[in-house]
Amino acid sequence: MFKLYFIRELRSLLKNKYISVLKVSGLIIGLWVFMAAGYYVLHETSFDSFQDSAGNKFSMEARDQFGEDYFQFPLPYVLFESLPDRYPEVVKSTSFDNRNSTIYIKQENNLIKSDYTEIGFVEENFFDFFSFSFIAGNAEESFNAPNPLIISEDIATKRFGKLDVMGTPVSLIINDQLIDFTITGIIKNPASNSNVSYHWIGSLSHFMQAQGKKDYQSDWNYQCKNFIELTPESDISDFTAKLAQDYVRLAKLEKSPTLLLTKLSKIHINMRLKIFITLGVLILLISIINYVLLSTIEKTQQMRLWGIEKVSGAKKSHLFLKNSISVFIFSVIAFVITFGLFKLTQPYFPNFVGNDVPFNAILNTKKIITGALLCSFSIILLSSFINQLISGNIKPIEILQNKLSKGKAGKILFNSLLTFQLMAFIALISASMLVHKQLSFMQESDLGFNKESLISMNIAPKDVHSYPVFKEELLKNPNIRNVAGTNNLPLSRMGNIYGEVYTDSLGNQQMRATEFINVDKDFFNTMEIKFSQGNGFKENVENQCIVNQTLLDERGVKDPLNEKIKLGGTEYRISGVIEDFHNKSMQMSIQPFVAHYSPDNISHAIVRFSGNPSEIIELMRKTATTYLPNTIFEYEFFDQRIAAAYKTERKFSNIINLLTTLSIFIAVLGLLGVSYFSSLLRIKEIGIRKVNGARIGEVLMVLNRDFVKWVGFAFVIATPIAYYAMNKWLENFAYKTSLSWWIFALAGFLALGIALLTVSWQSWMAATKNPVEALRYE
């Protein structure tokens with residue numbers, strides 16, 4: 001019997017090519033999204049799971065609140081010195097500092113630019129805490145040399161062409177200072193699914209000495225990431241309470257911010273990943289529902305054969321077997337095509353999610369293949385069960401007398417599935433528009449400074465004394481409108497952060513992270529940042545600074561000019577107040593900001609220009625070559641810098657747009673099939689209406705009426721769900737666009753328009769047929 005049913009279903013598939021293509025296309029899309037989501041999710045959720053005692057290792061950060069905003073920051077490095085000696089539950093701890101650096105390789109006394117990448121400056125116990133394997137050298141000996149540098153085998157082969165590179169000199173630009181290093185170790189390539197996948201590693205102690213260890217011993221330095229390993233029986237809440245007491249004592253606070261311990265394997269799991277999982281499952285459900293809808297209506301056309309079989313003694317189990325065989329055939333075809341399609345599209349997948357995940361590494365685990373097979377098996381069972389529920393209780397006499405009816409339960413289930421598919425369709429359109437609206441809002445909002453015609457370049461520490469001459473020479477060109485210096489550019493990953501204890505307007509002692517930068521006198525004029533009090537730095541005033549409005553609002557200071565503030569143990573006199581500007585991404589709220597007048601401690605020049613940008617770049621290059629001989633000229637336009645700050649959001653927008661497009665395509669496939677069968681079921685009704693004088697437009701209205709009703713139901717249900725979900729997503733942004741009503745209205749109209757265009761084509765074909773063809777046998 002199985003063989004007979006298999007051959008019959010295979011013939012049916014080949015006979016009904018149109019509907020077969022619609023069904024298998026929807027399944028292919030759903031399975032592809034499932035495999036793509038699995039490809040990404042398996043990688044993201046496996047981060048550092050391979051580390052020894054990963055379940056007992058944690059990252060530590062602090063979280064504090066100001067008003068309605070929360071901000072999260074690393075804990076001070078000084079808090080983690082000798083931590084295992086002070087707390088019996090701590091097995092080990094380690095700290096490290098991330099820095100972005102330009103890499104230069106020396107070749108015949110020339111510096112050849114190699115990479116701009118992230119380098120990790122780590123403690124000596126880093127390799128004891130995290131799992132790394134050495135190919136050359138070892139952890140102990142590698143850090144004994146002055147300015148040691150450890151690289152991965154990938155870097156050794158790609159940048160040097162060989163693994164035998166021990167002792168090779170390499171230069172790095174760190175904090176705009178060119179520092180010479182020596183390669184003292186080579187490690188195996190770090191896993192891509194790790195939070196510490198460094199290909200360039202330096203010594204934190206050597207880096208601290210070069211930068212001034214006092215900065216790291218300060219209670220307020222937040223540059224380092226800190227990790228600890230606790231004993232399995234540790235009470236985490238008890239440990240954090242004791243550590244918080246230490247924090248209060250060292251920071252001289254009345255209360256500690258909330259201390260957060262995050263498991264090593266959970267660091268990489270965030271809201272974006274959860275959304276991606278949800279959307280992947282949603283698309284798969286849409287494709288399954290699409291298949292069930294089309295299969296149900298197709299089986300309705302074959303009910304006459306089923307009626308004959310049932311009268312001849314066939315049982316319900318036979319119908320279930322037939323349905324299962326049909327789904328099995330489609331699932332196998334869809335799985336094979338999807339797997340091939342996935343392999344073809346895999347190289348382009350990182351362009352959407354921003355992760356270069358090794359394809360073979362995931363396939364070797366067999367998880368993604370197993371998951372896809374289980375998914376296919378679930379489709380077989382679910383589709384067979386629903387088809388059985390909808391059509392299994394139909395009486396044979398009704399079938400043979402052409403009195404087909406899916407029954408009340410069947411109709412409710414069928415309509416519910418179609419409505420759910422349209423709901424997801426509408427919700428995804430709404431989400432896509434909101435993500436685009438939020439991204440546009442962040443990129444086009446007033447940042448508090450003019451980002452146009454603004455370019456920055458680095459200045460080597462040895463050339464800072466020549467900066468005034470360099471600046472004067474540039475200003476001789478009429479296309480150079482202004483030049484300024486700073487040690488930290490806006491939208492940098494991290495500047496100098498100081499924790500500050502102060503007394504607020506209510507007399508309570510508070511701690512707040514404050515951003516601190518060094519600038520020259522023309523910084524605010526060049527950036528075109530407006531003053532609310534004062535007009536800039538004063539002559540012959542030591543340790544003067546300019547603060548932003550947020551800092552004053554927090555303190556409740558009404559007359560700030562000439563007031564003093566204390567940061568990092570030094571007092572500064574306020575010479576002016578600027579209006580708030582966005583020094584970081586708009587995901588973050590504006591923080592207290594202090595700009596210290598210190599033209600001798602800058603590392604970047606900012607140039608506002610007019611005219612041809614390429615000519616300005618060449619002018620800056622030539623002028624830098626003459627007056628800044630130790631500076632390796634590198635530049636960046638501010639609009640590009642701002643665009644780079646929202647790279648992650650653009651990737652997320654790409655994912656939403658892709659999934660929305662796929663959901664539209666699946667919905668169109670389903671509507672095409674449903675409208676096709678609907679017109680077949682009502683072909684005689686259409687013929688009678690036309691014979692009685694109905695016009696084509698009237699027939700179209702009759703055929704499309706139910707589809708309009710389904711879209712309306714879907715819109716009413718989808719809108720509050722989509723509103724809630726998108727409102728939760730917007731909570732991730734300190735500055736956000738409004739959740740406008742027109743987004744949902746437009747999504748509804750788009751869904752209705754696409755649905756009507758899709759079904760009207762089938763309806764028009766049915767309405768324009770000769771009624772004689774429909775009624776010739778009546």
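Keep in mind that glycine also has a Cβ here, set from the backbone N, Cα and C atoms.
What TrEMBL records for this protein:
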- 20-243: domain 'MacB-like periplasmic core' (DOMAIN)
- 21-42: transmembrane segment (TRANSMEM)
- 275-294: transmembrane segment (TRANSMEM)
- 278-385: domain 'ABC3 transporter permease C-terminal' (DOMAIN)
- 325-342: transmembrane segment (TRANSMEM)
- 368-391: transmembrane segment (TRANSMEM)
- 412-435: transmembrane segment (TRANSMEM)
- 453-588: domain 'MacB-like periplasmic core' (DOMAIN)
- 655-681: transmembrane segment (TRANSMEM)
- 658-771: domain 'ABC3 transporter permease C-terminal' (DOMAIN)
- 707-726: transmembrane segment (TRANSMEM)
- 738-759: transmembrane segment (TRANSMEM)
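For the transmembrane segment (707-726), the partner stretch with the most Cβ pairs below 8 Å, chosen from 21-42, 275-294, 412-435, 738-759, is 412-435. Long-range Cβ contacts of the transmembrane segment (655-681) within its own chain (Cβ-Cβ under 8 Å, at least 6 residues beyond either end) map to 18-19, 22-23, 25-26, 29-30, 33, 276, 279-280, 282-283, 286-287, 289-290, 293-294, 297-298, 300-301, 352-353, 418, 421-422, 424-425, 428-429, 431-432, 435-436, 703, 706-707, 754-755, 758-759, 761-763, 765-766. Within the chain, the transmembrane segment (738-759) has long-range Cβ neighbours (under 8 A, six or more residues past its boundaries) at 422, 425-427, 429-430, 433-434, 437, 664, 667-668, 671-672, 674-675, 678, 703-704, 707-708, 710-711, 714-715, 719, 722-723, 726-727, 730. Nonlocal intrachain contacts for the transmembrane segment (275-294), taken as residues 6+ away from its ends with a CB within less than 8 angstroms of a stretch CB, comprise 19, 22-23, 26-27, 29-31, 33-34, 36-38, 40-41, 327, 330, 353, 375, 379, 382-383, 386-387, 414, 417-418, 420-421, 424-425, 428, 655-656, 659, 662-663, 666-667, 669-670, 673-674, 677, 729.
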